[in-house]
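Below is one structure, written out as structure tokens, with a few remarks after it.
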């Protein structure tokens with residue numbers, strides 16, 4: 001076909017060259033009128049008859065037989081036939097195909113036919129797209145839509161063959177399929193639809209005729225299934241011919257395929273002629289179909305007649321013979337004519353026509369992906385075996401506006417009372433509807449409605465729960481409301497969890513948080529009399545003591561080892577052999593104490609090595625004393641708050657303080673599903689005590705204030721509560737990290753729109769502004785704002801005790817020294833012990849000892865090294 005005109009040229013008009021179309025009673029009711037319209041395009045006249053067939057006219061003609069196809073085929077072959085079209089029913093197709101194979105007559109099929117892999121039908125072509133390719137197209141579409149589960153509904157057993165690529169998908173892809181069959185003896189699909197609705201099967205693939213598709217859509221509409229949560233894919237190529245006007249504004253996702261190349265202007269002109277012809281005829285009684293629309297069957301017939309006509313005209317020196325079925329004498333030009341047909345490449349009403357030369361199937365073709373919009377069916381993409389799926393959806397007349405699917409829609413919003421997210425508004429007058437509520441989530445909902453252009457109705461969830469799954473897999477709370485499609489959105493502090501994500505869809509988080517511990521603020525404790533030790537931990541005190549002992553001992557050893565630490569006690573006698581060393585063991589300890597107390601001592605190191613030790617020890621004591629002094633004021637003047645628990649580990653290690661979470665909440669689920677040993681231990685404790693889990697946050701807060709109870713809850717709620725109740729505080733840091741999101745039913749088209757709007761609010765800073773508005777309270781006085789109180793005996797009384805203990809110890813040591821000296825004196829004087837008190841004088845000691853300035857006194861009387 002060139003420029004929309006036929007290229008057929010007439011041969012000898014006296015030749016009897018027939019195109020034979022075989023039909024069965026009730027089959028392809030629209031074909032007779034279709035054939036009357038198609039044939040004149042190719043200079044072909046037609047005659048319609050019932051059995052027995054009428055005699056053909058001398059012109060090339062098309063004969064339709066409404067009786068037994070095999071018998072009719074033999075009758076017409078005797079008169080001379082170049083090609084046989086049909087029939088479509090498999091019960092007769094094989095018989096007719098056998099006749100064509102035996103007599104070398106091309107057999108043209110226009111409907112789907114199961115084609116086995118070992119097919120040996122050489123005289124066979126089929127203009128209907130290959131079922132394996134069609135099934136692959138459906139699979140590509142399902143993968144593009146990211147379906148994790150779907151239901152396949154087929155009309156008869158051949159549907160399982162047509163969809164085998166899709167049915168085999170679970171073994172190769174992450175998708176769950178449920179297979180169902182339509183009723184065989186009735187058009188009433190309502191029981192099946194009811195069962196799928198009850199099973200919450202929202203993604204359904206229907207493999208059925210266009211007439212059955214019209215029935216299904218009408219019945220689904222009556223059952224309330226034509227909503228935005230359902231997505232139907234129909235495999236029929238005639239979806240465009242259905243009257244979809246009643247469903248345009250329902251929001252249902254309806255997707256199908258079309259092989260007609262309607263974007264080609266030449267094809268469009270032919271389709272318009274068809275429509276004019278059809279509209280002039282009597283209206284059809286078929287419900288749910290549009291009038292004047294060319295069906296795929298008629299378009300395939302047009303293309304088939306076109307291909308065969310052109311091939312016949314271009315075949316040189318080819319004549320038609322009378323063929324007898326019982327003689328098995330083949331048409332001598334049949335093989336060559338069949339090759340012409342298989343090698344043909346045409347642009348027809350159904351797009352590019354190319355046959356597989358071995359199988360005769362049409363494996364290379366183009367499909368339009370069509371989807372129902374408010375303006376009607378629109379092309380949203382294409383598919384072909386070479387390039388696969390290509391989605392090119394562009395809303396006509398509109399830009400890429402994300403509000404298209406939500407504009408002017410009314411949504412049901414489920415929520416739960418939770419300060420400051422959702423609260424009853426305080427008012428002196430009665431409030432109704434959405435005006436009854438206020439809070440962070442209400443403001444968020446208002447902002448989303450402004451951006452996306454929808455209206456909403458707020459409903460409190462009946463059981464007051466967020467949503468948890470019981471042992472039987474059943475959900476409650478807001479999650480159940482979304483699963484049952486009683487609500488379109490769940491706007492609340494709903495935590496995004498792995499388990500919930502399997503049941504519903506979530507938007508991106510509008511707030512991030514974590515689980516923490518809410519507990520009573522501890523009362524101030526009276527300081528200990530030894531609180532002056534608190535600036536440094538017991539470990540540090542122990543390390544200081546060890547450092548002191550170690551440095552003193554090292555100093556003693558180095559001082560004895562270094563020759564420069566020894567000195568001559570008699571400077572007037574430089575030749576004296578007597579040398580002394582000040583750093584005895586006791587003096588070494590005294591040197592360390594003096595430096596540590598920043599008082600110094602009369603002892604000064606002389607050698608470089610001992611000076612290095614002294615310098616390092618002084619630097620060490622400088623840092624320690626400075627750190628101690630810096631912390632001492634805070635520890636003595638500020639009242640200390642001591643809590644019995646500081647973390648989740650402290651809770652898990654004790655049983656005196658009871659703890660728990662909100663029942664059936666995300667926090668409870670976190671501990672229930674956790675595999676961390678600490679959290680498993682905490683869950684075992686909570687599950688073993690019926691009173692550990694509370695009904696809601698209000699009950700948990702009241703128990704925390706009045707009993708020895710700790711509530712595990714989200715940090716955002718703790719932040720809000722502690723800003724308004726100064727008797728409560730957050731203990732420890734965050735146990736985990738999570739986020740609050742807006743819930744939608746699984747597969748909801750609103751999720752992505754809500755997410756984009758949330759990101760917009762985040763970038764504009766409105767989410768932060770809303771949190772500041774609802775979380776900011778009067779606040780509690782900070783401890784550091786308190787004025788330092790005067791120190792009392794309870795603060796520094798311990799230092800007096802240390803002073804008194806030191807005095808008592810010194811008296812005790814003096815007595816020990818006195819007694820020790822008396823004992824040594826008694827041993828030297830060889831007198832009995834005890835002896836009378838003896839106090840040495842200068843005379844008894846032999847007079848005053850000469851100093852370094854008394855040079856007249858001999859200094860060399862000593863012959864040994866002395867130690868002081």
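Backbone N, Cα and C atoms are what each Cβ position is placed from, and that goes for glycine too.
Keep in mind that TrEMBL annotations are predicted by a computer and have not been checked by a curator.
TrEMBL lists 493, 495, 500, 714 as L-glutamate-binding residues, and of the candidates 655, 667, 755 the one it assigns to that same site is 667. Of the listed segments 616-638, 685-707, 731-753, TrEMBL assigns transmembrane segment to 616-638. Across the range of the domain 'Ionotropic glutamate receptor L-glutamate and glycine-binding' (420-484), the DSSP-based residue counts are 24 helix, 13 strand, 28 coil. Among the recorded positions 500, 672, the residue whose Cβ has the fewest other Cβ atoms within 10 Å is 672. For the recorded positions 500, 667, 672, 714, a Cα to Cα distance of within 10 angstroms from residue 325 (disulfide bond) holds for none. Checked against residue 714 (L-glutamate binding site) by C-alpha proximity, the recorded positions 74, 645, 672, 726 yield 672 as the nearest.
With the fewest other C-beta atoms within 10 Å around its C-beta, 726 stands out among the recorded positions 74, 325, 645, 726. Here the transmembrane segment (540-559) has Cβ contacts under 8 Å with residues 533, 565, 581-585, 588-589, 591-593, 596, 605, 607, 609-610, 613-614, 617, 620, 624 of the same chain, all six or more residues outside its ends.
For residue 726 (disulfide bond), the nearest of the recorded positions by C-alpha distance turns out to be 493; the candidates were 74, 493, 495, 672.
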